[in-house]
Amino acid sequence: MNMENDSSTMVSHFFLEGLMYTAEHPGLFFLLFLLIYSITVTGNLLILLTVGSDPHLRSPMYHFLGHLSFLDACLSTVTVPKVMAGLLTLDGKVISFHGCAVQLYCFHFLASTECFLYTVMAYDRYLAICQPLHYPVAMNRRVCAGLAGSTWAIGAVHSAIHTSLTFRLLYCGPHHIAYFFCDIPPVLKLACADTTINELVMLANIGVVAAGCLILIIISYVFIVAAVLRIRTAEGRQRAFSTCTAHLTVVLLYYMPPVCIYLQPSSTGAGAGAPAVFYTIITPMLNPFIYTLRNKEVKQALRRLVCRGS
């Protein structure tokens with residue numbers, strides 16, 4: 001179908017149906033999401049400020065942690081304010097066609113960048129633990145900045161592909177998105193065209209990217225565990241593992257929900273939003289706590305920052 005010829009029948013906006021059960025107590029859920037969003041933004045910006053200002057946190061691991069904190073704050077900002085607006089008024093659930101495209105692009109840009117960043121962070125831990133003598137050269141400032149910049153660039157291209165494929169289709173009739181934000185599976189269900197190619201590309205592209213990143217992370221940790229087990233002292237093993245457990249925890253929290261969503265593109269609806277809530281809203285809130293509670297250096301740096309502020 002030619003979108004230009006049928007522009008008069010195209011939808012100009014979409015209606016986000018939101019999350020299941022939230023319509024029964026909108027005020028309560030508004031306050032809950034406001035609290036979660038406030039904690040998310042404050043926690044991640046605090047980590048970002050700490051990493052950027054403390055001279056003791058100059059290693060590549062903390063450089064990447066700063067990027068992760070910024071990504072988490074932005075990822076939550078893409079979805080949560082719109083959810084909150086929809087809880088206040090019906091007009092808050094309305095999103096323009098172009099606004100939907102922008103939200104979808106920003107979400108996949110940030111989410112895929114975070115996926116690539118987790119892989120880079122695993123590689124950083126591999127070099128630090130398995131090749132400590134080679135680490136300062138292999139992960140110097142230039143390499144560190146290049147790896148971080150590459151995750152952003154690849155994420156931008158990856159998202160642009162999916163956004164252009166999704167919104168090149170004609171949307172001429174239904175405009176109710178059975179979801180709480182504009183994502184590929186629920187938007188494709190409203191298209192007035194065959195979406196088989198889109199779904200295949202989505203499964204292949206996102207599947208290959210996510211699986212590839214996860215495989216690289218697993219391989220890195222196989223070598224890390226083997227290296228740590230060769231450390232003779234219990235204190236040395238504990239210290240080595242402590243730098244990895246936070247990263248492993250957030251990787252598990254990040255990867256499990258998307259698998260449920262994108263490997264089953266037909267399973268959209270109000271109930272299908274539950275897994276997405278976890279990695280778009282809950283995980284960005286938990287990450288600062290995970291990295292703070294599991295890392296003595298970050299806790300000490302936060303204390304120094306608070307003491308300077310007071």
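First residue shown is number 1, and so on along the chain.
Cβ atoms here come from the backbone N, Cα and C positions, even for glycine.
Worth saying up front: this structure is predicted, and the values here are computed from it rather than measured.
Look at TrEMBL and you will find 28-52 (among others) tagged as transmembrane segment. Below 8 angstroms of C-beta separation, residues 19, 22, 62-63, 65-66, 69-70, 72-73, 76-77, 80-81, 83-84, 87-88, 281-282, 284-285, 287-289, 291-292, 298, 301-302, 305 of the same chain, each at least six residues beyond the ends of the transmembrane segment (28-52), sit close to that stretch.
The domain 'G-protein coupled receptors family 1 profile' annotation in TrEMBL covers 43-291.
Here TrEMBL flags 64-90 (among others) as transmembrane segment. Long-range contacts of the transmembrane segment (64-90) within the same chain, counting only residues at least 6 positions beyond its ends with a Cβ under 8 Å from a Cβ of the stretch, are 16, 18-19, 22, 26-27, 29-30, 33-34, 36-37, 40-41, 44-45, 47-48, 51-52, 103, 106-107, 110-111, 113-114, 117, 120-121, 124, 144, 148, 151, 180-181, 250, 280-281, 283-285, 287-288, 291, 298.
Annotated transmembrane segment per TrEMBL: 102-123 (among others), in sequence order.
TrEMBL lists 143-161 (among others) with the feature transmembrane segment.
Beyond the ends of the transmembrane segment (206-228), by six or more residues, the same chain brings 112, 115-116, 118-119, 122-123, 125-126, 129-130, 158, 162, 237, 240-241, 244, 248, 251, 255, 258-259, 262-263 to within a C-beta distance below 8 angstroms of the stretch. The feature transmembrane segment is assigned by TrEMBL to 206-228 (among others).
As annotated by TrEMBL, transmembrane segment applies to 240-256 (among others). Residues of the same chain lying 6 or more positions beyond the ends of the transmembrane segment (240-256) and with a Cβ under 8 Å from any Cβ of it are 61, 68, 114-115, 118, 121-122, 125, 128-129, 210, 214, 217, 221, 224, 227-228, 231, 275, 278-279, 282-283, 286-287, 290-291, 294-296.
The transmembrane segment feature in TrEMBL is assigned to 276-294 (among others).
Non-local neighbours of the transmembrane segment (276-294) in the same chain are 19, 33, 36-37, 39-40, 43-44, 46-47, 65, 68-69, 72-73, 75-76, 78-80, 83, 107, 111, 179-181, 183, 242, 245-246, 249-250, 253-254, 256-258, 261, 302; each lies 6+ residues outside the stretch with a CB under 8 Å from one of its CB atoms. Mean pLDDT across the domain 'G-protein coupled receptors family 1 profile' (43-291) comes to 86 in this model.
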